[in-house]
């Protein structure tokens with residue numbers, strides 16, 4: 001848990017970006033207003049987390065999940081945010097699934113490349129062994145020629 005109340009505030013850069021995205025161009029927000037919005041957002045997050053935690057505890061779980069957060073929003077009477085949250089969750093899940101598939105494909109490609117390299121290495125080793133086997137014959141022939149001379 002946080003030791004100081006300021007530790008619970010969201011980062012100013014994040015709050016400023018959210019404010020800018022929410023307001024039309026040309027609208028300025030004072031530093032005092034940004035601080036108030038930041039504190040309100042922090043209180044909201046803490047309250048939502050606490051409510052979601054209650055749902056997890058009732059289910060005898062220590063980990064909060066998306067369902068707990070959605071139930072907390074409903075309990076806090078923020079029903080109008082439920083559908084946008086569900087949509088955002090779906091987008092997130094699809095993005096994670098896509099990342100997982102890309103990661104899996106990269107892993108397979110890497111394995112295939114390693115297999116190909118190993119095959120090449122084995123082929124080179126076999127060729128080297130064949131050359132080594134042929135070289136003693138060539139050396140023996142050279143020695144025999146020297147002996148004859």
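Cβ coordinates come from backbone N, Cα and C, glycine included.
Automatic, uncurated: that is what TrEMBL annotation is.
According to TrEMBL:
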- 93-123: compositional bias 'Basic and acidic residues' (COMPBIAS)
- 124-149: compositional bias 'Acidic residues' (COMPBIAS)
- 9-73: domain 'Transcription factor CBF/NF-Y/archaeal histone' (DOMAIN)
- 93-149: region 'Disordered' (REGION)
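Within the chain carrying the compositional bias 'Basic and acidic residues' (93-123), a Cβ under 8 angstroms from the stretch's Cβ atoms is held by none of the residues 6 or more beyond its ends.
When the compositional bias 'Basic and acidic residues' (93-123) is classified with DSSP, helix, strand and coil residues number 31 helix, 0 strand, 0 coil.
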